[in-house]
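What TrEMBL records for this protein:
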type	residues	note
BINDING	Arg125, 148-151, 214-216, Gln220, 267-270, Arg450, 461-462	substrate binding site
BINDING	Glu144, Lys305, 364-373, Tyr375, 398-401, Glu425, Lys452, Asp458	ATP binding site
BINDING	Glu144, Asn146, Glu368	Mg(2+) binding site
DOMAIN	204-302	domain 'Glutathione synthase substrate-binding'
Amino acid sequence: MAAPWEDVLRNEPAIQEAASVAVDAALLEGVLMRTEGEPNASDVVNYAPFTLLPSAVPSVLFEQAYAVQQDFNLLVDAISQNKEFLEDTLASTIKVDDFTARLFRIHMQVLEEGLAQSVFLGINRSDYMFDCGVDGTPALKQIEINTIAASFGGLTSRTAAVHGQVLKMLGKSKEASRLLPNNPSKGLALGIAKAWELYGSQSAVVMFVVEEVQRNIFDQRCVENELWNRNIRVIRKRFRDVFEKGSLDDAKRLYMDGQEVAVVYYREGYVPKNYDQQNWEARLLLERSRAVKCPDIATQLAGTKKVQQELSRPGTLERLLPGRAEAVTRIRATFAGLYSLDVGEEGDKIAAMAIADPDQFVLKPQREGGGNNLYGEELRQVLEKIRDSPERTSYILMDKIKPQPAINYLLRAHSPLQVSECISELGIFGVYVRQGKEMVMNKAAGHLLRTKAIEHADGGVAAGVAVLDTPYLV
């Protein structure tokens with residue numbers, strides 16, 4: 001999958017000059033992050049890491065990823081409404097994974113009280129790699145679907161302009177004109193705006209629930225500014241602010257500092273370290289409210305790895321999406337091999353298979369946010385330790401995807417310029433809005449390409465491993 005700039009990669013003076021232009025272009029376009037030293041201050045910023053050149057992506061797989069996104073939106077929404085499916089699927093996991101168990105307890109409590117929320121907003125990102133089979137033909141294989149705090153829709157909206165500038169400077173104007181326009185931040189904001197409108201109060205605000213450490217603030221500001229441009233007020237609060245100042249009235253309307261909240265958009269709350277006892281209480285308060293949560297807790301549970309593994313079982317998709325045979329076929333075509341480590345004969349066999357040949361698999365815990373998966377020798381050691389313990393049910397096993405590496409330069413602040421063998425991961429953003437039983441909006445909202453050097457098995461941009469990229473369709 002060669003891109004048409006192999007010639008340029010061997011021209012060191014041209015690369016050095018292009019890198020300098022690229023960094024200035026990134027700063028000019030606003031492809032920015034706060035620094036590690038000052039993660040909550042915007043008076044010292046730097047460019048977010050990115051590739052010097054766009055990476056080649058097979059157009060047929062790119063189109064396949066877009067074509068299946070509305071199906072995945074419907075699937076996530078169907079899972080979130082299916083109490084029995086979530087209960088059965090997560091039964092073994094919640095016995096051994098305290099984080100998933102606590103989310104599940106809130107989910108059950110809210111259902112028992114009766115859902116106050118009538119409008120549902122999903123913003124997800126389905127991530128894929130290009131698996132090179134035995135014959136070398138690349139195939140689209142899903143890594144995971146992120147149903148909470150799917151990031152980089154903002155910064156990726158600005159990255160193509162940087163790559164266009166670099167290509168022009170390298171005498172590749174024709175190629176630059178072929179880079180696709182891409183603005184996920186606008187698509188995500190459209191979904192939030194629709195949910196806000198259906199909530200039905202002109203004076204209500206959208207609340208971003210944000211982390212204590214906010215290095216990636218500009219990514220969020222891209223979405224936020226799209227809302228301000230529609231005259232929708234946005235406030236940014238942490239869980240502890242909600243604990244201290246959040247309240248519900250008799251109709252379960254949510255108030256923060258005396259302002260009614262129409263939509264709660266989580267950019268926080270996806271890993272155990274996001275919670276202490278106060279934060280769990282804040283999360284419960286939010287979930288009990290009438291406000292539109294993005295995601296509500298059932299949708300967050302729909303994104304767990306255990307659910308992903310269960311979906312690959314024969315007949316499961318058909319049960320969740322009755323009468324949608326074509327959607328089921330499109331979804332199933334993207335699945336890699338997924339295996340259960342539940343206690344019993346099947347799980348024993350799977351564990352033994354992975355220990356015997358660890359390089360063929362990835363061991364995944366029930367976590368979002370990159371940097372959690374286990375590979376190779378580490379996978380073997382962990383599985384040997386837990387093979388006879390119920391703890392193994394907090395993981396799933398997946399076939400390791402083997403993409404074809406390509407050469408590129410990864411630009412990072414304060415790092416030397418060096419050539420790397422790289423692999424890429426394509427994410428498609430999906431947005432849907434449901435009111436009662438009626439699907440009001442269902443669309444693919446843009447894409448995100450992230451690239452990393454092949455020596456890094458796991459981790460995204462926020463985890464400091466992958467960098468932002470732009471697809472060049474071949």
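Backbone N, Cα and C atoms are what each Cβ position is placed from, and that goes for glycine too.
Features recorded in TrEMBL, as mapped to the structure shown.
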{"residue": "Arg125", "record": "substrate binding site", "Cβ contacts under 8 Å, 6 or more apart": "Ile145, Asn146, Ala150, Gly153, Gly427, Ile428, Phe429, Gly430, Leu448"}
{"residue": "Gln220", "record": "substrate binding site", "Cβ contacts under 8 Å, 6 or more apart": "Gly154, Phe208, Val210, Gln214, Arg236, Arg267"}
{"residue": "Glu268", "record": "substrate binding site", "Cβ contacts under 8 Å, 6 or more apart": "Ala149, Val209, Val210, Glu211, Arg238, Phe239, Asn274"}
{"residue": "Pro365", "record": "ATP binding site", "Cβ contacts under 8 Å, 6 or more apart": "Asp97, Lys305, Asn372, Asn373, Ser394, Tyr395"}
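In the shown protein chains, 24 other C-beta atoms lie within 10 A of the C-beta of Lys452 (ATP binding site). Calculated from their C-alpha atoms, the gap between Ser151 (substrate binding site) and Glu144 (ATP binding site) amounts to 14 Å. Ranking the binding-site residues Glu144, Tyr375, Lys400, Lys452 by Cα distance from Tyr270 (substrate binding site) puts Glu144 first. Cα to Cα, Lys400 (ATP binding site) and Val461 (substrate binding site) are separated by 20 Å. Cα separation, Lys452 (ATP binding site) to Val461 (substrate binding site), rounded: 9 Å. On its own chain, Glu144 (ATP binding site) has Ser126, Asp127, Gly303, Lys305, Gln308, Lys364 as residues at least 6 apart in sequence with a Cβ closer than 8 Å to its own Cβ. For Val461 (substrate binding site), the count of additional Cβ atoms within 10 Å of its Cβ stands at 25 [all protein chains shown]. When other Cβ atoms within 10 Å of the Cβ of Lys400 (ATP binding site) are tallied across all protein chains shown, the result is 19. Ranked by how many other Cβ atoms sit within 10 Å of their Cβ, the binding-site residues Tyr270, Tyr375 place Tyr375 at the bottom. There are 20 other CB atoms within 10 A of the CB of Ser151 (substrate binding site), with all protein chains counted.
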